Structures are given as C-alpha cells and as structure tokens.
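> Mind looking over this structure? Questions follow.
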Amino acid sequence: MAQFFKAAPTNSIKNHILKNIKVEKLDHRGRGLAYFQNKPLFIDGALAGELLEVQIVESKKRYSKGKIKKIIKASELRITAACPHYQECGGCDLQHLNQAAQIQIKSDGLLSLFQRFAKKVPQQLEKPIIDKAWEYRRTARFGLQFDKKNKQLKMGLRRAQSNELIDQKVCPVLLPELECLIPPLKILLNSLQCKAHLGHVELLYADQGAVVLLRHMKTLTSPDLQLITAFSALQKVNFFGQASSNQSVCLAGEANLSYRLPEWDCSLSFTPTDFLQVNSDINKKMVSQAMQWLALEKNDSVLDLFCGLGNFTLPIARQVESVVGIEGVQQMVDRATANAQLNNLQNARFYQADLSGENLIEQEWANQNFNKVLLDPARAGALDCLAFIAQKKPSHILYVSCDPLTLARDSQVLLDKGYKLDKLGLLDMFPQTAHMESMALFTG
C-alpha cells in the first residue's frame, strides 16, 4: 500500500521574535492576550496595555503562545515579584501583581466564562473570600532528580512547561513551618544511601505539626532510617515513607494526623496521601460560606457528592437531620466514616459510588429524599451526575469548583433544567497563581 506524507510547514513562526506587541487583556488563566496573524497570542506574565517584545514558543492553527523577551512599556499594575525563583519556577504565575489586582483578574475571568457558557449571568459576584497573600500553603510536592555525574540530588518545583527542576531554596507561599524545612531537608536527602532511588517529597502541615512524606522506590537502609529519625527529632517533624504502594508508613514522629474545623467542633483524621485543601484559612471560610448559602435547617436532608474526608459533610451534620456523603474511593469512604464516629455524628453516612457513571439512581442511597445538595468535584467537573441531581429536585444546589471552565459548563445544564443561578463567588484559595476556587448556588 502506498503511503503519503505531508511535509512539515515551512512558514512556522516558532522562536520568531515579535516586536511592539500590545497586550489587549488577560484571559481567565491570567495570561496576556494579544493578536498576531489574526489569531490569539497568549503570553505568560504579560499585563493588559503593555507593549512587549515576544518570542513565539508554540504555534498552532488557531492560536500561538509566546514568552516575554523585553518589556517596552510596562503596566502601572506591574510589581516586582517577591520570590527569587519566580522567573524560572512553574509554581506561581501572578507574583507580578498585587493581591487586589489578582482578585480582580480572577473575578473578571469567572464572569467572562459564565457569559460564554451560561445563559443567565449575575450582574456582579458576591464579595470574594480572601486571606493571606503569602505563607498560606499547607501542602507542597517537590520533585527529586538524581544527577549521576556529580552524585547530587536536586529538590525543587518544576520549571514552567518543563520537566526540569529548579534548585529550590525558598518558597514564600508555604507556611513558614514548612518553608524552613527546605534547606535541611535537601541536606538530609543527599545524605541517604538510597538518594538515587527517590521519587518526590511532600511537605504538609497538620495539627500535630509539620509532616514530610518521602516517596522511595528502594527499601530504606538501616543507616537511612537512623538519619531520618535524627532529622525528625531535630526539626520536630513527623516523617513518613511511601514505597511502591499508595500506603504511607510513619518512620518517625506522630503517626495519627488530623486537622480541626473549630467553628463546628469537628476534627478530621487523614493520612499524608489524602487530598487536603491547600489553604487552611480559606477552607474554613469556604465551609462557613457553604453552610450560610445552603440556609441549613434542622429538618434538612443533605447529599454531599465528592465528599472526601467529610470536610463539608461533618459540619453540615451538626446542623441538619441527616447527611449522606458520596465518594469514589472506598478508602476515603472508610476514612470519612471513621471521622463521623470520631466526632460522635450518628446522622452522617458515607457510601462509595462512581460519580461519573450512569447508574447512580440504582444505588441504595439514591432513593432517599434530599432537599439540598452540595458537590465539590475535581477539575473535570460533575457533568455526569447533574441529571441525577436535578431528578431529586432539591431546593438548593451548592457547587464548589476548582475549575471555573467546568463550573460554567455544568451551570448551563442546571439552568436548562429550570434552576436559577442565585449566587456566584470567588474564593482566593491559591494566591500568586491564576488558579481559583469558586462557589455557585442554584435554587429552584
């Protein structure tokens, strides 16, 4: 059979330098938007109104991407980034703006997406939920790369759009209790006999203090364990190891971890591999706002989808007659059930279900009458379970989202089913980045 090959285009503009490019506005991801050859040109780190010299790094049929080579005319909003790694690190992308400007960009982006994907858009957003702009992250994962030539282990976040690690020295968005561990942790990891067989290291913070989780592909030796024990005692951290399985093992320090939601007198146990909201202060405010927007009453029966450890479920249980939490992973269901027992909440029950499946109505819990629903899905959204939710005809549907694009898309479905978008608001869960958390209330 004859084979035909299409020659690569000879007019590719990749790596070309463009001068006097004017940025028109920012998109919902905080990227500068300009136009070149009648198609969008997205520029990381650019601000509206700026005049730039830009290098094309990617050219597609419908759009191009560029990076700033020189700022010819800077925006009045541009500030100097606080982190010395900002120009090379892929972790943050809005440090060149103050917090108020970041909030405005995210708010504008959220409204813009709803204007594109939803029929009815609120005239304005609810007051945004904000807190500290720095020193807020209670979780972080650092990559580890072993250099065979110099026998050294590099620890750091990845460069933007790259698998290469930076040589991390500081990270000012981390809680101070975690950031201060970066230098001594690098020394420890480079002292281990198994340093050529490490995957990544995670830092997190619990009520029991700082936690280190080390992913290792080779069994830790006795000398390695001794070094880890000494490090744990000196730095006052809880140290966990994770081999090939997903199970983590406490190597030194406190094995039982938890965090509190004091407003509702709830304590939630977790393991280092469980999902946690990265911003503890915003998380507490988020739970509080969710409870207010749902207008919970004592006789309510609430369904909490994508419930995780019970971050929303347990506080809700303090206010209502009954609440059912649904999660896709059985281990998380077991953890949430244990958390309900720990908090002496008899009116909270948890079940495992594939929330992307089509047979939700056949589940044993699905025949209950729920008058209010809360859902907090991953970035992919909750498109597959919206028909089931609407079928239950709840008076309130509260949707918490970490991706405004899928929230706007899913909102269209609920609006088409007769629900009204009653409230829409931004939660600044991730300052210094373009990522946003948002909350929408639908009533019917």
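Every residue gets a Cβ built from N, Cα and C, even glycine.
Feature list, courtesy of Swiss-Prot:
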type	residues	note
DOMAIN	11-70	domain 'TRAM'
BINDING	C83, C89, C92, C171	[4Fe-4S] cluster binding site
BINDING	Q277, F306, N311, E327, D354, D376	S-adenosyl-L-methionine binding site
ACT_SITE	C402	active site, nucleophile
> Any same-chain residues 6+ apart from C83 ([4Fe-4S] cluster binding site) with CB under 8 Å of its CB? Would you list them in sequence order, or say none?
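The answer is C89, C92, Q95, V170, C171, P172, V173.
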> So if I draw a 10 Å sphere around the Cβ of the residue listed as 'active site, nucleophile', how many other Cβ atoms end up inside it?
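Taking every protein chain into account, the count is 19.
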> Determine the minimum-neighbour residue: among D354, D376, listed as binding-site residues, which Cβ has the fewest other Cβ atoms within 10 angstroms?
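Selected from the binding-site residues D354, D376 on minimum Cβ neighbours within 10 Å: D354.
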> Please give me the CB contact count at 10 A for N311 (S-adenosyl-L-methionine binding site), counting all chains in the structure.
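There are 27 such Cβ atoms around N311 (S-adenosyl-L-methionine binding site).
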> Just the number: how many Å between the Cα atoms of E327 (S-adenosyl-L-methionine binding site) and C402 (active site, nucleophile)?
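Approximately 17 Å lies between the Cα of E327 (S-adenosyl-L-methionine binding site) and that of C402 (active site, nucleophile).
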> Per DSSP, how many helix, strand and coil residues does the domain 'TRAM' (11-70) have?
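Split into helix, strand and coil, the domain 'TRAM' (11-70) gives 0 helix, 35 strand, 25 coil.
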> Please tell me which one of the binding-site residues listed here (Q277, F306, N311, D354, D376) sits closest to the residue listed as 'active site, nucleophile', measuring Cα to Cα?
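Closest by Cα distance to the residue listed as 'active site, nucleophile' among the binding-site residues Q277, F306, N311, D354, D376: D376.
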> What is the Cβ neighbour count of C92 ([4Fe-4S] cluster binding site) at a 10 Å cut-off, with all protein chains included?
23
> If you count Cβ atoms within 10 Å of the Cβ of F306 (S-adenosyl-L-methionine binding site), leaving out that atom itself, what do you get?
19
> Would you mind pulling the longest C-alpha to C-alpha span across Q277, F306, N311, E327, D354, D376, which the record has binding S-adenosyl-L-methionine, in angstrom?
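About 22 Å separates the two most distant Cα atoms.
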> Long-range neighbours only, meaning 6 or more apart in sequence with Cβ under 8 Å: which ones does Q277 (S-adenosyl-L-methionine binding site) have?
N283, M286, N311, M429
> Over the domain 'TRAM' (11-70), what is the model's mean pLDDT?
92
> Around C89 ([4Fe-4S] cluster binding site), how many other C-beta atoms are within 10 angstroms of its C-beta?
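There are 21 of them.
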